[in-house]
Amino acid sequence: MTDVPATFTQAECNGDKPPENGQQPITKISEELTDVDSPLPHYRVEPSLEGAPTKGSQEERRKLQGNMLLNSSMEEKILKENPEEKLFVVHKAITDLSLQETSADEMTFREGRQWEKIPLSGSNQEIRRQKERITEQPLKEEEDEDRKNKGHQAAEIEWLGFRKPSQADMLHSKHDEEQKVWDEEIDDDDDDNCNDDEDEVRVIEFKKKHEEVSQFKEEGDASEDSPLSSASSQAVTPDEQPTLGKKSDISRNAYSRYNTISYRKIRKGNTKQRIDEFESMMHL
């Protein structure tokens, strides 16, 4: 059997040209990889010339071991060179969890788990219930007031036996009341005017009587002051006496006529007409 070197060339690892020395033992590569902090375990390959299998089986084993070492070294290099990616992944997972905990809606997780709604605390539920009650109370009060008003109206209609008066009826009733008040005021004014007329007529009658008495006194004084020696004055003919009686009769007739006819005119007329008629009667 021929001796087979138990080393990997540098060209097999990364495809570069081999170094001038020609070969590098696999033990050095394994020692460098163990120095790196990695969670993945790997095994050292220490070739032994004693009891080696055939050439084909040895080559297959070497290829498998080389692939494993390459994969582990690549992962370690990525973690060392880009630690930010690892932090980003962790931060993203934390934010996803926080959002899922705070949200009240149902959310689906990446693995397919379904999150239920987070129940609110007792204080928040009580606050919401109080707000709903406050909003519902005024609506219920308005509905109750409307129902009460309708019930009162229906009861009044049943009790009275007729419907309530409309606005037109109210206006007519107000107009009738105003008309009655106006008529009463006019009647009161008429009564006052009649009383005033009666008072004025009484004053006129009193003046008329006073004038007649004064006239009779003046006539008596004139007859006493006349000379008694004159025969014509002493001898009074019987024809002259009726003349005096006629004058008195005329004055009485005029007064009676004034008291009957003109009294009505004065009572019906206004103040100016009353004054004019009184002056005309005085001139008679």
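Positions of Cβ are set from backbone N, Cα and C atoms, glycine also.
The compositional bias 'Basic and acidic residues' feature in Swiss-Prot is assigned to 126-140 (among others).
Positions annotated as compositional bias 'Basic and acidic residues' by Swiss-Prot: 171-183 (among others).
What Swiss-Prot lists as compositional bias 'Acidic residues' is 184-200.
Residues or ranges marked as compositional bias 'Basic and acidic residues' in Swiss-Prot: 201-220 (among others).
Here Swiss-Prot flags 225-235 as compositional bias 'Low complexity'.
What Swiss-Prot records for Ser73 (among others) is phosphoserine, and it gives similarity to another entry as the kind of evidence.
In the three-state DSSP reading, Ser214 (phosphoserine) counts as helix. The phosphoserine feature in Swiss-Prot is assigned to Ser214 (among others).
Taken from Swiss-Prot, the feature phosphoserine applies to Ser226 (among others), supported by similarity to another entry.
Under the heading phosphoserine, Swiss-Prot lists Ser230 (among others), citing similarity to another entry as support.
Per Swiss-Prot, phosphoserine is recorded for Ser233 (among others), and the stated evidence type is similarity to another entry.
For Thr237, the entry in Swiss-Prot reads phosphothreonine.
Look at Swiss-Prot and you will find 265-284 tagged as region 'Binds actin'.
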Should one count Cβ atoms within 10 Å of each candidate's Cβ, the modified residues Ser73, Ser214 would be headed by Ser73
For the compositional bias 'Basic and acidic residues' (126-140), the number of residues DSSP places in helix, strand and coil: 15 helix, 0 strand, 0 coil
